[in-house]
Amino acid sequence: MENLIIYAFIYLLGSIPFGLILAKFFAKTDIKKEGSKSIGATNVLRVVKEKNPKLAKKLAIATIILDFAKAAIPLLILKFLHYDQALLWSVAVLAIFGHCFSIYLLFEGGKGIATGAGAMIVLLPLEVLTAFIVWVVIGKIFKISSLASLAALLAFVISSFIFNYDLEIHTHAPVFIIAFIIIYKHLPNIKRLIFKEECKVI
């Protein structure tokens, strides 16, 4: 019963659309109706930038921090309280799932990158560091957020095998689930990348 309460709480917490809330409150803009219609930092930056570039950067950074924290902080607390790895991984998946399929937005949501990073920094920090380096490099070169995010995700998955080479493949199941969720949410971006229609943001 305790685990079910934790799972429900984490899903509801992960579902909070901080980007949407910040953009509505501070910029009086509904990012669900503009840009990519995503609730993440990239769309916050893209949409708010048209009206107030300085505010756009602040709101985008705040969105990243809050989306990151809503996964990282609960996991840190649960890890400190010595909950087992199975529960921690379930919490990580649910936080990301909540962000991508928010109950408050009729199961729509963001792309899961910041929330995923928040969850994984607690469980697989070296892999997240590797992914972050790739994200920065690809972002600097191509200036395309989705491309940088997908490259970082690929680096994360590959490095999870490199740094944990002695583990059996089925133990990587949560990593595959998380990767699948994020790739699924990026399908429109992937299509635009293929047809060279994706906008530069970074």
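Note that Cβ sites are derived from N, Cα and C of the backbone, with glycine treated the same way.
For 3-23 (among others), the entry in Swiss-Prot reads transmembrane segment, with the evidence type sequence analysis. If one looks beyond the transmembrane segment (3-23) by at least 6 residues along the same chain, the residues whose Cβ comes under 8 Å of a Cβ in the stretch are 29-32, 38-41, 43-44, 47-48, 59, 62-63, 66-67, 70-71, 74, 78, 87, 90-91, 94-99, 101-105, 109-110, 115.
Summarising the annotation, Swiss-Prot assigns transmembrane segment to 61-81 (among others).
Per Swiss-Prot, transmembrane segment is recorded for 87-107 (among others), and the stated evidence type is sequence analysis.
Marked as transmembrane segment by Swiss-Prot on the basis of sequence analysis: 118-138 (among others). Under 8 Å from some Cβ of the transmembrane segment (118-138) lie the Cβ atoms of residues 67-72, 75-76, 79, 88-89, 91-92, 95-96, 147-149, 151-156, 159-160, 163, 175, 178, all in the same chain and six or more residues away from its ends.
Marked as transmembrane segment by Swiss-Prot: 144-164 (among others).
According to Swiss-Prot, the transmembrane segment annotation covers 167-187 (among others). Residues 89-90, 92-93, 96-97, 100, 109-113, 116, 119-120, 124, 146, 149-150, 153, 156-157, 160-161 of the same chain, all 6+ positions outside the transmembrane segment (167-187), place their C-beta atoms under 8 angstroms from a C-beta of that stretch.
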